[in-house]
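Chemist: The following block contains the structure, expressed as structure tokens.
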Amino acid sequence: MAPSRNGMVLKPHFHKDWQRRVATWFNQPARKIRRRKARQAKARRIAPRPASGPIRPIVRCPTVRYHTKVRAGRGFSLEELRVAGIHKKVARTIGISVDPRRRNKSTESLQANVQRLKEYRSKLILFPRKPSAPKKGDSSAEELKLATQLTGPVMPVRNVYKKEKARVITEEEKNFKAFASLRMARANARLFGIRAKRAKEAAEQDVEKKK
């Protein structure tokens, strides 16, 4: 294989009858068929639940490089479920993924996922455990007739881009230093506690000097 990208140029040392140790990939097409059959079998087994599994939350990708994009996460946090009014044990039984390790670090993410849960709950057709004795919250007989298995992801997460109209760049925007501003904001956030502590100590020393 030809070297790709900025990696080290390899010097392969072929000894010990290397032709018998070549990694082959002849099972690839059969493995593809096997995966497809497994997906179809699972879809039949869990019908009429969605074939792609439970609903996932909207999360932001980590690091500065990717945090402008959103994607589907692992599971909803316990706080999101509490605000949406869904018990964590009930959530898993009605096709909602739960991740107790996740923490909400912003109000926006919390509100977005709570709204997502409420929308999902409004669209959900819930089958009664006993058809003869439906409980509160179960769907009506008319709604049950409309139920079909969803094949794609449940409420897929999409990145929405808002196009801006072309306009003249202002002088203020030309003089604005984006990178320096971000670095300064990060430095201020990092040093906030240390600066507050130093200011408090300086104030205490001034009080002692006045005495």
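Cβ atoms are placed via backbone N, Cα and C, with glycine included.
Annotated SUMO2 cross-link per Swiss-Prot: K123, K145, K174, K177, in sequence order, evidence recorded as a large-scale study or a structure entry. Sequence annotations record features per position, and here Swiss-Prot assigns SUMO1 cross-link to K174. Among the features that Swiss-Prot reports, N6-acetyllysine is placed at K16, K177, with the record citing a large-scale study or a structure entry. Sequence annotations record features per position, and here Swiss-Prot assigns phosphoserine to S52, S77, S106 based on a large-scale study or a structure entry.
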Chemist: Would you mind ranking the modified residues S52, S77, S106 by how many other Cβ atoms sit within 10 Å of each Cβ and giving me the lowest?
Modeler: S106
Chemist: Closest of the recorded positions to K177 (SUMO2 cross-link), Cα to Cα, picking from K16, S52, S77, S106, K145?
Modeler: S106
Chemist: Rounded to a whole angstrom, what is the C-alpha distance between S52 (phosphoserine) and K145 (SUMO2 cross-link)?
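Modeler: Cα to Cα, S52 (phosphoserine) and K145 (SUMO2 cross-link) are separated by 21 Å.
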Chemist: What is the separation, in Å, between the Cα atoms of K123 (SUMO2 cross-link) and K16 (N6-acetyllysine)?
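Modeler: That comes out at 63 Å between the alpha carbons.
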Chemist: Which of these recorded positions is closest to K174 (SUMO2 cross-link) if you go by CA atoms: K16, S77, S106, K145?
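Modeler: Sorting the recorded positions by distance from K174 (SUMO2 cross-link), the top entry is S106.
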Chemist: On a C-alpha basis, identify the one among K16, S77, S106 that is nearest to K145 (SUMO2 cross-link); the candidates are the modified residues.
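Modeler: Closest candidate to K145 (SUMO2 cross-link), judged by Cα separation, is S77.
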Chemist: Within 10 Å of the Cβ of K174 (SUMO2 cross-link), how many other Cβ atoms are there?
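Modeler: If we count other Cβ atoms within 10 Å of K174 (SUMO2 cross-link), we arrive at 7.
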